[in-house]
Amino acid sequence: MADKGSGGSRLPLALPPASQGCSSGSSGSSAGGSGNPRLPRNLQGLLQMAITAGSEEPDPPPEPMSEERRQWLQEAMSAAFRGQREEVEQMKNCLRVLSQATPPTAGEAELATDQQEREGALELLADLCENMDNAADFCQLSGMHLLVGRYLEAGAAGLRWRAAQLIGTCSQNVAAIQEQVLGLGALRKLLRLLDRDSCDTVRVKALFAISCLVREQEAGLLQFLRLDGFSVLMRAMQQQVQKLKVKSAFLLQNLLVGHPEHKGTLCSMGMVQQLVALVRTEHSPFHEHVLGALCSLVTDFPQGVRECREPELGLEELLRHRCQLLQQHEEYQEELEFCEKLLQTCFSSPTDDSMDR
C-alpha cells in the first residue's frame with residue numbers, strides 16, 4: 001500500500017532541527033548575509049516558506065499563487081501529514097495487540113483467535129513498514145525489541161515467519177535500523193531459525209532477514225562470520241526446499257562478489273568441494289547460482305583454482321558434459337556462461353606450477 005523506500009509522494013516526518021539550517025545543495029545561499037531563515041513551526045509556515053522559496057527565482061518573475069491553488073496545496077499537505085499520523089496510530093495499535101500476554105486459561109478457540117489477531121498485526125506492520133519513515137517510527141516505538149525478544153521464538157510458526165519477514169522489511173538498506181537489529185542479537189536467532197526450524201516458510205523468511213542484515217553492512221557480515229554463517233548457508237543449500245536452496249546460493253554468490261577477502265576462509269571450509277558436489281545433483285535452476293558462486297570463488301584467487309583442478313573432483317569433465325547438455329536450451333544461457341568461464345579460468349592452461357610465482 002505504501003510506497004517503498006524513502007521516495008514517492010510522502011512528505012518528511014519532521015523538519016530538520018534549527019541547528020542544521022534549512023539550506024540544501026548549492027542553491028541554499030540565496031538568503032544573502034542575513035543567515036539562515038527561521039524554520040516554520042507549523043503547516044501554515046511551511047506553506048509560506050514554499051511560496052517564498054519559489055518566488056526567489058529572478059527570471060522569469062513568478063506569478064502570484066491563486067487562492068484556489070493555495071487552498072489545494074494546503075489541503076494536500078494537511079492530508080499528507082494526517083495520513084502519516086494515522087499510520088503511526090495504526091502501528092501503535094498493532095504493537096498493543098502484540099504486547100498483550102496470552103490468556104493463561106484460554107481455550108483452544110480463544111487461542112486460535114488470539115494468534116490470528118497477532119498474525120494480522122504483524123502483516124499490517126510489514127505493509128506499513130515498506131515505507132522507510134514508518135520503519136523508523138516502528139523502531140522508535142520499540143517494535144524491534146518486541147520482535148527479536150519475543151516473536152522470533154514464538155511457539156507458532158505463523159508468528160515466527162511473520163516476525164522474520166518484518167525484521168527484513170524494516171532493515172532493508174537502512175543502516176541505522178540494521179545496527180539496532182544487530183545490537184539486539186537478532187542475527188544469532190535468525191541463523192538458528194534458518195538452520196533448525198521445522199517450518200520451511202520460517203527458514204525462507206529468516207534467510208531474507210539475514211540477507212538484509214549482512215549485504216552492504218560490514219558489522220552484520222562480521223557477526224555473520226563469527227556465528228559461522230557460511231556453514232549455515234551451505235547446509236541450507238543442501239536442503240530439499242528449492243526456494244531455500246536458490247536464495248542461499250544467491251546470497252553466497254553476492255557475498256563472494258562483494259567481499260572477496262573471505263575467499264580463503266571459504267576454501268579452508270571445503271566450500272569448493274561442497275559446491276561441486278551440489279552441481280553433481282539432479283539438474284535444476286538452482287545450479288546456475290551454485291556455478292555463479294564457484295566462479296566468484298576462483299576469480300583472481302589461485303587457491304580456488306588449484307582446488308577446482310584436483311583430479312578427484314572431476315570438475316573439468318563435469319563442466320564439459322554440462323555445457324553439452326545446456327547448449328540447446330536458451331533458458332540456461334547464464335548457467336552455460338558460468339560453465340564456460342570456469343573451464344577457461346581453471347583448465348585453459350596446461351599446468352598450475354606458475355600460479356603463485
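Cβ atoms are placed via backbone N, Cα and C, with glycine included.
As given in Swiss-Prot:
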REGION    1-69  region 'Disordered'
COMPBIAS  19-29  compositional bias 'Low complexity'
REPEAT    130-172  repeat 'ARM 1'
REPEAT    175-215  repeat 'ARM 2'
REPEAT    218-257  repeat 'ARM 3'
REPEAT    260-299  repeat 'ARM 4'
MOD_RES   S349  phosphoserine
MOD_RES   S354  phosphoserine
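For the repeat 'ARM 4' (260-299), same-chain residues at least 6 beyond its ends with a Cβ under 8 Å from one of its own Cβ atoms are 225, 230-231, 234, 237-238, 242, 245-246, 249-250, 252-253, 305, 307-308, 313, 315, 318, 322, 325, 332, 334-335, 338-339, 341-342, 345-346. In terms of DSSP secondary structure, the repeat 'ARM 1' (130-172) contains 33 helix, 1 strand, 9 coil.
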